[in-house]
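*Asks:* Got a structure for you, written out below as structure tokens; questions coming shortly.
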């Protein structure tokens, strides 16, 4: 009856294709337009819009093998044969088409005729009130009554709050008496390993209302799920999912890397199983564009990687190793998931970087945790403070469940409430900081608006408008007018001025009345739907109730619009070239330039930068219309508009659509046609934080100015080098480099001669202390390289020499001491000597027994410092003799 995992998967999908089902590939682990889920955790999860009637399915019968991640039982992974965070779910689904009869009879047909499982070892459960299912199992399938178990709501009725729900039927396999607990009561539902549930058929036939009343659905649905790993274990006759063919290959690779043999040590086996499970989930998550972070699904990934890394250390693997398993995982899954092959190197890099980062802090964190656990044990306490757990999380990158797991191994529990409190406080601080950065710059102004006033923004359609002054604030107080020279905040009933928001800076321009003119310096969103114009009155006065002409600086706005639309093109290009993980982390759009932060784990290559620039410029040259669509949020998401993960949107949103190249939710201002951007040029690419890169770029006339400046610089270089053409510049530079290298070698020779000459003088003036020669070099110089060279030459020439440099540099003294290992054996300790000598100089110093350095500010004590060194060295040699 043996069947490989790949064979089972393919036979299942082919079987349901033969029953009129459309085979769909596995969906991404990242839920699409479903904020209720962090990660896809069931076969039906990506199909929810079809079940809920929000979207029309491509066919009313669908079959899939869906990759899934579940982490609620992460603490149990490795300790049991069944628990895993990553798994594949086989499923067949009906959206108002067939129902119980087909679902049950086809399931039985597949299990008995395709998998050929012995009928006498199969059992089923049904919901206790589901007589329809009983009749089908008993009369249609022919299963004897004793093998059909009626179970209660807790076991055999699927529902989540209100909405679609229904009874379910589960199929079990009897693994035999020898796998049971031996109790007379052993049967379906027993916690032992004898009866294994492997297929759940859910009959969604009711709609539960808020009063708890069940109404029959007009078009009932079918949702089934069979765990691939679980059925593979049955078909391959093994006791654990870690023993099935594709998982065993990964497990064996881990054993090879760590040098551990599976099955010889129960504690090591747990660690091997943890790594085996977590590396599978990790590979698929990174492959789907998730990057490690401290939030959301990125945090789930970080937990898996760091937990696996810690278990690697428990197996004696202290260096990074997880990336070495990636090829084996891809080899195991390349048939159903060929996309992993091209993503292999990328997955390895992300894994290596994350594990390396954790390795930098894990030892310090483990020491802190172990010391705290020892203290608790000594005091006969068993609760680790939330403050310690939070410090491990915040400072050393320990996910909470990792701390909890390590503590539990020692019989210690973690103060979850204390940890949660500190986490909430940190989130609140971050939320307040973000809030201050967003729309409420007015809070720094300390103004209060009592009346119901509102500013209508008309700046999408026009750059100038007639308006009326509603309020004026000066020095945080409401005033009736502002005179020449005053800086004030003006609220209008309508304005074309864009207020700083979403990374785009505010417009600038002028406000004009019959009696005055004000220059608009900044614009912010204020309270109660107002827009605050920070303005300086440059002529006459501006008064409340004045009719006013508001005029935006056209050139600055146009430059900003070019940069903002270019930012969208850049974002889309990054995701196309680097991968879907390269999502926006922050941005700044201003007239002079644009700045874009995005998720990525390594610097961009020169080739990637050129490719990104070319892609953006190609779209610019195509002069594609830029559509601005106002719609509700749900409609925008259904259109496929990109929404920033952490951004909060109102119900009515603006979609910026650029052909089929880019579509994002955005409230900023944009050009009407990509051709208006002119040109796009990346001027820098750098790191902002771990896993976040930054691109700065320019557009339009700024690119032309950039090119002119570069031409001028190039011309100056050509003239300086006396090159006849630009192409000769590199050759001239190569010649200069060769000449400099030759001169540096010549200089090094002269420096060595000078050092050797000085060394001879110093050696002759040195003190003989026992068998050792103490050479004291007192001089004034800034050439520290020269001093180090002299020191090295002393040690090269004479193993019995001890050298002490006392160097005067401006108003400070530098101490550098070195000796041979032979001198160390005789009692010399440069570290201790330099420490004492530096105290004489009013400073600090130290180092190794054979090399140390330090300094101080009391340069007048250099002679005393030399005398102190002689005393210490004499004492050490004489004491060691």
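Quick reminder: no glycine exception, Cβ is built from N, Cα and C everywhere.
The structure displayed is predicted, hence computed values, not measured ones.
Okay, so Swiss-Prot annotates it like this:
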{"type": "BINDING", "residues": "564, 568, 666, 670", "note": "Zn(2+) binding site"}
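So that I understand the layout, could you describe where these features sit and how close they are to other parts?
*Replies:* A C-beta separation below 8 Å, combined with a sequence spacing of at least six in one chain, links residue 564 (Zn(2+) binding site) to 504, 589, 594, 666, 668, 669, 670. The secondary structure of residue 564 (Zn(2+) binding site), as reduced to three states from DSSP, is helical.
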*Asks:* Which of the three DSSP-derived classes (helix, strand, coil) applies to residue 670 (Zn(2+) binding site)?
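*Replies:* Once the DSSP labels are grouped into three classes, residue 670 (Zn(2+) binding site) ends up as coil.
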*Asks:* In sequence order, which residues at least six apart in the same chain have a CB under 8 Å from the CB of residue 568 (Zn(2+) binding site)?
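*Replies:* Sequence-distant Cβ neighbours: 656, 658, 662, 664, 666, 670.
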*Asks:* Specify all same-chain residues, apart from the site residues 564, 568, 666, 670, whose Cβ lies within 8 angstroms of the center of the Cβ atoms of the Zn(2+) site, ordered by sequence.
*Replies:* 561, 565, 567, 589, 626, 656, 664, 668, 669
